[in-house]
Each structure stands twice: as C-alpha cells, then as structure tokens.
Amino acid sequence: MSAFALGLTGIGSMFLLLFLRQPVWLALALVGIVGNMVLNDVSVAALLAGTGTFDTASGYGLSVIPLFVLMGEVASSSRMSAELFGAARVFTAGVRGGLSIASIAASGAFGAICGSSVATAASMTRIALPEMQKAGYEDGYAAASVAAGGSLGILIPPSIILVIYGSIAEASVARLFAASLIPGIVLMLLYVMVSVLLAGRAGPPPGAERVSLAERFRALLRPWQFMLLFLVSIGGIYVGIFSPNEAASVGAFGAVVIGFLRRTLSAQGFIRAVQATVIISCALFMIIIGATMFANFVVQTRLPERLLALAQTAELSPALVMALIVLLYIVMGCFLEGIGMVLITVPVFLPVVTGFGFDPIWFGVLVAVLVELGLITPPVGMNLFIIKAQSAALSMGTLYRGILPFLIAPVLLVALLFAVPQLALWLPGVLY
Amino acid sequence: MPPDRLTRIFHAIAALAVVVMMLTVVADVVLRFVFNIPVRGAYDVVSFGLLVMVFFGMAPVVARQGEILIDIVDGLLPAAVLGLLKLLASLGTLGFFLFLGWAMLGPARDAYTYGDRSLELGIPLWSLWAVAFVGLAGTVWEALRRLRGAGRAAPDTASAAQEAKS
Amino acid sequence: ETLKVSTFLPPNHAFNRMLTQWGEELAEKSNGELTVELFPSGQLGPAPRQFDLARTGAADVAVVLSGATPGRFPMAELAGLPLTSPAAGNESAITSRRLTELAPEYLAEEHAGTHILWMAVTPPLKLHLKSADPSDLSVFKGLRIRYAGAIWQQLIEALGASPVPVQPAETGDALAKGVVDGTAFPFEATKSFDLAPVLGYSVEPGFAAAAFAVVMGDKAYDRLTPELRKLVEETTGPDRAEAFGKMLDEGEAEGRGYMSAGGVEIVTLTDDQLATLRAEVSPIVEAMVKGVDDAGKPGREFLSAYTQ
Ligand code: NA
Ligand code: NA
C-alpha cells in the first residue's frame, strides 16, 4: 500500500473508531501507533509514543491550559457565570428571545476569562438551559444558543486553541489574543442576530416584566468582580505586563481570592474546582497526546502535501487555494476534534498561506474561527455533545436541527476576515 | 463504579500539582513586580507540575470514564452491542497504557545513562521519568479495574463534562 | 530510496534550504535513485529528540542542536563556548569547517549510533539592548536579558544582569513592553523577528555560538548501497559544512545590514573591554572544559585543536 493510501486508510479507521464511540484520544492514539508500525516499525512507533507523551506532558508551553481551565472553573464555582447570566437576563428582559440572547452574551463574557469552549458551554448549559426550558423556549433553539455561545470560549481570548497554534507557528500568543478579540465580539453579535431572527418562531412571547433603562445598565455593572478579573489578567496580557501563563495563574489566584472574600467560594468549592480542572485538563491532554501521535503518522504519509501539490499542479490562484483550505477545514471540522485538526494541518498549510502573503497572526484567527465552527457542526461537534451529556431528554436530532441556522454566523465571519483582514490585525497593530 | 482509594490519592496529587503551578507563577510575578527579584527555577517547577498533573490525572479520568467521546450511536444500537463497544474501549485503553509503559522504558533508560538534566535547575530527568512511571502504573491499574467492570456491562454512559461538572 | 530528513527549524530556515538543495543534488547525481523528503518544524519531534529520531530510525537524517540536551554532546557543546573560536576567525564558514574536520576523531563517540554528515557552528550570538548604551559594560548591571541555553545564562549573570527565559516569538513584545531590556540573538534572528524598531544598540563581536550536528542514523546508512553511501559521503563533510557556514554568514551579514538600516547603533567593544570580558567568562569556560575532562574525555585536547 502506498503511503498516500495508508494515510487515507488511517483517517478512515480513525473516523470509524470515533463513530463506534471509542474515546477520541484512544482513536487518535491507536491509529497513530498502528500507522507508524506499518509505515516504519515497532521500535519507531514506540519511540514516538514514549517520548511524545513525556514531552507533551512536561512542556512549559502547554502548562497554560490547566491554568486557564482552573481560572474558568473557580469563576464558575464562585457563581460568576451565574451572575453574568443574571445580569444579561435583566438587560434583555422583555425582549422576545431575550434569554437566548442573554446566554450568548453571558457565554461571550465568560469566554473572556475561560480558555476552553467546552468548559464555557458546560458552565452555561447548567445555568441557562433550564431557565430557557422553563420559560417555554423550543428545545433545539435553547440548546443551540448555549452551544453557539459556548463556542466563543476559544475565539474570545484567552484561547487554548490559539495557545497551541502559537506554539506550532512560533507566533506570539499575546498578539494572537489581541487579534482574536474583535472577531470574537463580532461573532458574538452575529450569533445574537441569528438568535433575534429565530426568536419570533422559537421563543415564547416575552413576559410582562418592566425594567427601566437605568436598571438595565445598573444590572450590567453588578458582575464587577468579573470585570476586575478580566481587566487584571487578560488586560495584563494586552498591556504587556503578563505572559499568558502569568495571566492565567494570576487570574485563577484572583478568582480564588475574590470568591473567598465575597464568600461565594467555600474551601469545598475550591477543592472541587481544582479537581474538575484536573479531569478536564487531563482529558484534553490525553487528546493532545493522541493527536500528536496521529499527526505524526499523517505527516509521514505526506497526505496534506500531496493534496496541496494537486492544487498547485492545477495552477489554482491563491484565492482558490485559500477557499479550498477553508473548505477542507469546514469538512474536517464536521468529523474531527479541534486540537487534532490544528496539530495536523497548521504545519502544512502555514508556509503556503504565508507564502501567499497572508499574516500568520491573521491565519491563526481564521483557524480559531474554523475550529470553533467545527465545535458546533454535526455530526461530531464537541459543544453539542457537552450539552447532550447534561440534558438526557434532549435528542441529538433536535440539537442538530437547532444549530443549523447558527452556523451561518461563523461562515459570515470567515468571509469578513477575508474581506477586512484589519478586523484581526488592527488591534495587535495598535498594541504592539 | 465508585472511585477507589488509589484514584482518590492520584486525583489529589494531580490537583496539588495544579495548585503548585499556580502559586509558583504567582510568587514569581509578585517577586518580580514588588522586589524585582526574578525567581530562578519557576520555569522548571511549572513544567514538572504539568508532568505530575498529566500522569497522575489520567488515572481518575480513566476510572470515571471521563474521556471525551462521540456517543451518537447510543440511541441506534442494541444494549448488547453498546456493551461490546465499551468493552472494546476498555481493552484498547489498557492495551495503550501497557504499550506506553513499554515504549517509555527506552527513553527513560537513555535519560538515565546520558545523565540528561533540566535546563534551569539541572534536575536529573530520570527522576521525572520515574514519577511518570508511577502515574502510569496507577493508570494501568484503573484501566484493569474498568475492564473488569466493563465485563459486567455497567450501563454508565457518562461523558467528560457531565462527570467533571457534577 | 528516500531519506526522511527531520529538523525542528521553521520551513524557511537555512538548514531546510541547505538540506533541500542537498536532496536535489543527491537526486541528480544518483539519477533519481536517492531522494530526500524533508520534515521541518519539529513535525517528527521537538529539538531535544532529533538525535534519538535518527539513532532509532524514526528519521534517516536529523539536525541536532548540541545544546538542546545538556550533557549528551559535551564535546560538541565546547565549540559554543563564549569567545572561543579557531584562530582563523569566528565566521561560520571557518568554524563549521573546522568542527566537521575534527568530528571523526573527537565527536563520533558521543554521536554513536549515527554517522555525522557535517557539523555547523552558528555565527556567535550578539547582545542587543533596548535603550542602555553598552559602550560602558557596567550598564549591564541590573538589566534583564532574554537568553536561551545554560552558557548564555551564566554569561548574562557574569555581566551582572538577570537572565530571563522568553520564547523567541515573544521577544519583540517583551522588549517593547520593557519585560526585558535586551536579548541575545544572532543578527539573522533580529531580522526575521523584525526587532530593529524596538532595539537601540547591538554589541559586537558576538559572544557564544551554537553547535549543530547533521547526522544519519546507522540503520539508514546500512540500508544504502555502497554507491549511494559513497555519494552521501562525497556530498557531505567539511566542504558542505563550509558552504552551509557561508549561507549562515550571509544571513548574518544581511541581518546586520537590516539593523544598521533600522537605526540600531552597533557598538564594537574595545580590546580592553574584550580582555575584561574574557577574564569574566574564563571561569565558565574553565568549568565546562574541566567537566568534560573529568568525565574522561579529551575536552582540553579537543578545544586546543579547535581553537588552533
Ligand atoms: Na476564551
Ligand atoms: Na463538528
């Protein structure tokens, strides 16, 4: 079998294992190891597995992942996500679809201190979904609002995906964070637009509660401790006094201090937050370890290069090649998990993309948006699974139908990024 | 399956590592801003903390089946087939960690014979490999326990977030 | 026959360009029988693993940064000692050639399991400061300088400054925001990271260099037919090292031009200052050499051959 065919077989088997409900990390790792055995031999497969795991687990660059997860977990344990939702809810009171808008806005805000989409979605599901269901929102619409809003977690900085991209592309993480802020806010607004458009059909008529404009704005100031946390930690990255790692640690520490001072965080709550951080982070690291092995195998089959060479022999214009790359990401996003996608594709595509004169920081933002889209595209969308896992009564089909109209928002943002690259590049240009 | 003592201890060690990472970086920041003293070794401590977190945190993830997976077939297949798939996952998990343990022997031995050291503090790297092996042994133990449980077809379909968040 | 070549360096780095060029040469001279497939950017493994990749056969050829695994290549690391170079000069073309010539006698043992194709020594890394004028070396006291590697760490401490580890890609921002006051970098890197706008001064000469080995694993070597082996040997060795060194020197000269054009003042140390510096770093050099000698390896002998 040629390396090319072997690569395709490997990817096919990986998908098969995923659909047979094998853990994502295991599917990636098994195909990576077996593929390497076929391609080379057992000793090579062993070396790459043994050193790859140890190096991933002891790499300073990725240590920022548990720290940002911890910050989000502590903030969630000390009821900050609930307060955000509460504030947004007052602000949108009386608006048709108000709770859906509130959950998207609160997710976006929470994403500003939480680096993981999965964690953002998980946190918001528990808070917002029951409220919407109680108020008579259509199941699919309600769940999709949470899924879409939660996906903002990796575009609005901090972002685990951008940290991983930065380590592959040798790009400054601080710059990537600055570049993704405005696109993140734009995407949040686009999601809100979709939600408003759907509200007439899927949302119940608003209640009769009357809230004055002054009260609405006062409500927005209520989660001030959250804003403080954001300003000190993430703001610290923008101003340049913190590295991402320091921002995450100071942010997590700050969240603990605020939680204890306000008595919203107990010692028990803190311990639970740290324990949850371990489980979430280790589940992520197992995927990174598996994805490293899988990427290592796929890279050796030269599959991405051959696809690219095909495009080049066809003498496609840069615009068309970029369109194909975007399309490839969208298709892969339907089936693959985000970290694996980044590990496999970025080393191959980045030189081509920069060769066309695109900025690597801009490409990082583009990749983050596409990965984010992948989190909510059926059939394999992590955010959808997270929500499904927490609401047994919800059928996967309802969730799939509910999310479809929301997919237009990230697609629009991709088009916007091509039309107006300054959307991503203006802020880092000003800050650095 | 309720967590056994080993899982709880490993989970606690991993959690402690996260807290140590956080406090080390915070101390580094404070010393830098307030006293203008850079801490030598913060880089190494954070890397080691991460290693401990990952290698000791995998056992609790395996024990509670806290892995992220795609369960769209759950509604479509009969329970017996699902049980078989779970058994397969548990077998695969055990097989992987046994392979990993064997695969790590070579590089660990190299780290020892070559006297590899960490960049900042010069700590011998074989000691870190030793820590990794302890974590791995616990993970293999949990994978074994899970396999025994899967043989009895536990109807537990918890996924990562639900478990982590509960 | 296809050789899998692994590097941890970004796609446009001189090493990748040279290895591609070498591959084209091999293909041409062997009538397409021997070709090269390049895996850059650490796709097969990070910097400290490159040697293991070649030794175990995961890659056929790998580029090894000797300092990435402190203690594994103690002799090769000596070539990167501060203010240490052959009498003929510290240009990479000279240092790389010399180190490659000495490799069979002194370096083969610590690279066991592989064949050394050629060695490379970079042009020495220079110190660059944001705003302090280094004409007087005492300005270094209390400054925070970005470094990589144990030798630079000691060197910066010897100058009375604090070494701070910063990722290469973050260095520009760290300088702009005052997280660090200076950095050790080759000119070539200050150009590729576009640091002229945030730097005021560069110090010449450079202090300490980095040594690299390009190795072929024994497995790959044994797999080749005698003719192909001969071809590999003919196209590598001291001449290739010199050609590659020239490439690095040109990149360095280009980077220097970029810095001057960008308004960075390049300060040359006086002989007195150099002598002072030499005195300050001699304990570092001495300790490293003694360490190698104590391990039963001919460190001093090798160093005197290298600096001849
Ligand atoms: Na975020
Ligand atoms: Na998807």
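Quick reminder: no glycine exception, Cβ is built from N, Cα and C everywhere.
Annotated domain 'TRAP C4-dicarboxylate transport system permease DctM subunit' per TrEMBL: A:11-423, in sequence order.
Among the features that TrEMBL reports, transmembrane segment is placed at A:45-72 (among others).
The transmembrane segment annotation in TrEMBL covers A:141-165 (among others).
Among the features that TrEMBL reports, transmembrane segment is placed at A:177-199 (among others).
Per TrEMBL, transmembrane segment is recorded for A:220-241 (among others).
Here the transmembrane segment (A:247-265) has Cβ contacts under 8 Å with residues 64, 67-68, 70-71, 74-75, 77-80, 113, 115, 158, 225, 228-229, 232-234, 236-237, 273 of the same chain, all six or more residues outside its ends. The transmembrane segment annotation in TrEMBL covers A:247-265 (among others).
Here TrEMBL flags A:277-299 (among others) as transmembrane segment.
Beyond the transmembrane segment (A:319-349), the same-chain residues lying 6 or more positions past its ends with a Cβ under 8 Å from any Cβ of the stretch are 15, 18, 24, 28, 154, 160-161, 164-165, 168-169, 284, 287-288, 290-292, 294-295, 298-299, 304-305, 307-308, 311-312, 356, 358, 363, 366-367, 370-375, 377-380, 382, 414, 418. What TrEMBL records for A:319-349 (among others) is transmembrane segment.
Look at TrEMBL and you will find A:361-386 (among others) tagged as transmembrane segment.
Residues annotated as transmembrane segment in TrEMBL: A:406-427 (among others).
The transmembrane segment (A:45-72) makes contact with the transmembrane segment (A:277-299), as judged by at least three Cβ pairs under 8 Å among residues 6 or more apart in sequence. Packing against the transmembrane segment (A:220-241) from elsewhere in the chain are residues 71, 75, 80, 83-84, 86-87, 91, 109, 112-113, 157-158, 174, 177-178, 247-248, 250-251, 254-255, 258, 262, 431-432: each is 6 or more residues past its ends and has a CB under 8 Å from a CB in it. Confidence annotation: the domain 'TRAP C4-dicarboxylate transport system permease DctM subunit' (A:11-423) carries a mean pLDDT of 87 in the model.
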